[in-house]
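To start, the structure under review is shown below, and the notes come after it.
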Amino acid sequence: MDPMITGLGVVALMGAAATIAGAAEDLESDVGSQSNPNSQVQLAPQMGHLHRIINKAVSGEPVAYGTWCGIAGSVAFVLMNSMQLPVIMAIAIGAVIAAMVHTTYAVTSHMGRIVSQSQFNQPLFMDMLVQHLGPIAGHGFIVTFCTVGLSYLMTLPIPGFAHPFPLPLLAVLWGITIGAIGSSTGDVHYGAEREYQQYPFGGGIPVAIHGDITTKAELGARNSMDVVHFCAKYGGPLTGFAFGAIVFLSFWNTIVFGITGGIISGLIIVLLLIILNNRLEVFARNRYGPYKEEE
């Protein structure tokens, strides 16, 4: 088979895995209030809003997912090389162990944060904590499995691949990357639209309203299940598309045009994206104008 066709097939598989991982990563951060919106949740009791929202951020998303993916990649690497387990099985076991560590940190972090807010009469809802562990572990498993999988594909002895870095290091690097993409792409949608639903959309989140979050859902008290259901319609898929496009566009040009041609085509793509982003922003500003205060 033509090496270029083989390489493009691997790149397509990597892009698909990255798309799934990106969507799951954003939804996991939404169900657990990780990264940017996290500070708004932990300020809510101080603003007089007692809530039933998970608040489990151990750290920022890049550091957290670099850790989870590094654990999964290290376990898979050992199982594949020491015990000669099949690749899929080794990666799955690594992702399960990473999900267990992830869940443990989620429990201790959430309980620690909520207990620290007890001086503001914020209770610890054990039923809410237990019910949300499944989505946290499940989405985390999908992210680490897909991320370690695309990292493994980079090490295949195929022209354009055969990366010199070992699998655990690649998994850490891609984990940091997917955490950064989820933090910069999906969290803006979550923080602006769902946590501050009582404010007009488009006005941003000024410091004066930090912690003044929405605590009532369409029926009953709002919890993180409501948030992740809402974000699955737009924020999650958008994050998956962003990460999938980054992975695909980072490899296909080298496979098709070679090293030198790939660098040149990559620069052209970056310039086109900058121009497109500028045109889109100018159009939006001219079409809708600046945000106006109510008179």
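Including glycine, each Cβ sits where the backbone N, Cα and C put it.
Owing to the predicted nature of the structure, the values given are computational and were not obtained by experimental measurement.
As recorded in Swiss-Prot, the features of this protein are as follows:
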- 4-24: transmembrane segment (TRANSMEM)
- 60-80: transmembrane segment (TRANSMEM)
- 87-107: transmembrane segment (TRANSMEM)
- 140-160: transmembrane segment (TRANSMEM)
- 161-181: transmembrane segment (TRANSMEM)
- 234-254: transmembrane segment (TRANSMEM)
- 255-275: transmembrane segment (TRANSMEM)
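Between the transmembrane segment (161-181) and the stretches 4-24, 60-80, 87-107, 234-254, 255-275, the greatest number of Cβ pairs separated by less than 8 Å involves 60-80. Stretch with the largest number of CB pairs closer than 8 A to the transmembrane segment (255-275), among 4-24, 60-80, 87-107, 140-160: 4-24. Most Cβ pairs within less than 8 Å of the transmembrane segment (4-24), among stretches 60-80, 87-107, 140-160, 234-254, belong to 234-254.
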